[in-house]
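Undergrad: Below you'll find the structure I mean.
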Amino acid sequence: MLALVYYRLSNLFYFENVLTLQAFAWGLITLGEICFIVKWFFGQGTRWRPVVREVFLDNITCQDSQLPALDVMVFTANPKKEPIVDVMNTVISAMALDYPTDKLAVYLADDGGCPLTLYAMEEACSFAKLWLPFCRKYGIKTRCPKAFFSPLGEDDRVLKNDDFVAEMKEIKLKYEEFQQNVNLAGESGKIKGDVVPDRASFIKVINDRKMENKKSGDDITKMPLLVYVSRERRFNSRHHFKGGSANALLRVSGIMSNAPYLLVLDCDFFCHDPTSARKAMCFHLDPKLSPSLAYVQFPQVFYNVSKSDIYDVKIRQAYKTIWHGMDGIQGPVLSGTGYFLKRKALYTSPGLKDEYLISPEKHFGSSRKFIASLEENNGYVKQEKLITEDIIEEAKTLSTCAYEDGTRWGEEIGYTYNCHLESTFTGYLLHCKGWTSTYLYPERPSFLGCAPVDMQGFSSQLTKWVAALTQAGLSHLNPITYGMKSRIKTIQCLCYAYLMYFSLYSWGMVLHASVPSISLLLGIQVYPEVYDPWFAVYVLAFISTILENMSESIPEGGSVKTWWMEYRALMMMGVSAIWLGGVKAIVEKIIGTQGEKLYLSDKAIDKEKLKKYEKGKFDFQGIGILAVPLITFSALNLVGFMVGANQVILTMKFEALLGQLLVSSFFVFVVITVVIDVLSFLKDS
């Protein structure tokens, strides 16, 4: 790569006139190669010291009564895009975790304030009173009802005895009744199922575990604390999307249960391994790791990925390579869902015991009850007390729009408001403060989510991610200027730079998808001749890149076909979703509209789209502008290749044009099948 840079720059100065088209094309292709090289350099941080971890639950020597308390935080925002029954399945699976019930609390943050969601949660609680004892009695591992009655729960449904079969049938009928009640309530309009954008805060304790314990001392029937939280939303107040919802829930849970550890889940990611909390505690209770450990991250695994995975929704490069690589330095990225977080890490730096209590009202607001909850060992909330009306009223105050005014919430305290990817950027700032994290990729997925099954769903999500990361990379908190001066390690800074400047890949792709082909049309040479020794450098760079990519993809449970699908998807997205995400971030930075809008991904799955996806057929419905660069660059490369090949045939001289022909043909070869699908899809439409 150093040789390529030397070759490009040294030859650039040989042009007699740098204003010619050839010099301009040479400069652009040089810029594209530099983009690839810088991205590669940042990526070496993720290859520096990869670590794969394993846990042994038997090594936890303390009794269940000595385990730390755990608050589960589930987030939902729009019932139209996030099916309510699926959200309730996530809530029920969290309630069914294999963890001491008196140490477990589950909160649902409904940022849509939908009455139907509240009704569904009450119905889910009633069903859970049957479901939890059933799971505990028979040692069920698949504790999400929807998953249990699907092929995912086949092993758990293996015939055990007649009593099990009878109870399972009864449970299934109750689950179907639960679904029908929720669906009918929404369809009939009896209970409103729309988002309420302007509303006061509303909090309801659906199940108080202390009240349940008074009724029954039987461990098998105990239920955890279950709370519904809808914070205040006003048209004239900034709400900071999921970050604002998370901070409101931090405060509410702080005066209700105040567990020292949090499990954070998106509404479409249910708990698939009931022992995940205990596995996380293997790290949090390790005296060597615990003092500086902020969170334990689990991978995002999807249950509906097709065999061909044409959109690369697994993102294997991230969860199989990058996260393991960062784990060997200071820890993986905070990935938005499926992580166990130390509450105190959101308030202070490691080793600074009471730093945040020096001026608590300035940092945390005026609530005395919440400030009292910050005391060491969670001294304010007594586990044996019921949640009173006074506490609920205080919780409503803590979740109002005005509470954060004049405080450090979203800046120094809690989840950051500096980026739409609030979790990822918060994790980065935790590392900057000196906190560490760990990554566990267990054989049985601890959490399972639902992946998008069409091009529009995945590409729009990817565009949103890239735009948010690029915005973070362009901010004053970027890893180059801010990160290097903080307590974060230099190699860790490279890893974050790789993520925040990932759009560099797209700029390199766009330049390589356009400049060589246009140069073929204009008769301009931008690569060395075949017999030039420098041509061998380009061949080596290309081959080594492919081999490196294959070496990381195939050994991790993949195949050549898997690698090919991932590589094709990366090239497709590189000239469409990733590029447009980077452009969006730059434009918004220039005109100053960052952070004003956020588009929620649609989690509802269309059955027709699912059928196409399972057959390995692309679905381009609704992708709009994303199809334009994909078709344009593919057509440009196809035309350029045909014109260049024609010139070679007529002149019988291929030495000067072979490099450009290879680049154009490779792009066409990788993407042309997708373009054919796009055109046929548009024709059928």
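Note that Cβ sites are derived from N, Cα and C of the backbone, with glycine treated the same way.
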Undergrad: Transmembrane segment per TrEMBL sits at which of 119-136, 533-550?
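TA: Going through 119-136, 533-550 one by one, TrEMBL gives transmembrane segment for 533-550.
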Undergrad: When you scan the chain for residues with a C-beta under 8 Å from the transmembrane segment (533-550), skipping those not six or more beyond its ends, what do you find?
TA: 1, 3-4, 7, 527, 560, 563, 567, 659
Undergrad: Give me the largest Cα to Cα distance among K81, E82, D111, the residues the record lists as binding UDP-alpha-D-glucose, in Å as a whole number.
TA: 13
Undergrad: Spatially, and counting Cα to Cα, which of the binding-site residues is closest to D266 (Mn(2+) binding site)? Options: K81, E82, D111.
TA: E82
Undergrad: Just name the most isolated of the binding-site residues K81, K242, going by other Cβ atoms within 10 Å of its Cβ.
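TA: Least crowded of the binding-site residues K81, K242, by Cβ count within 10 Å, is K81.
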Undergrad: Taking each of K81, E82, D111 in turn, which of these binding-site residues have a Cα lying within 10 angstroms of the Cα of K242 (Mn(2+) binding site)?
TA: D111
Undergrad: Sequence gap of 6 or more, Cβ distance under 8 Å: name the residues on the same chain that satisfy this around D111 (UDP-alpha-D-glucose binding site), in order along the sequence.
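TA: Residues satisfying the criterion: F75, T76, A77, S230, R231, R233, H239, F241, K242, S245.
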Undergrad: Let's check the environment of D266 (Mn(2+) binding site): how many other CB atoms sit within 10 Å of its CB?
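TA: A 10 Å sphere around the Cβ of D266 (Mn(2+) binding site) contains 23 other Cβ atoms.
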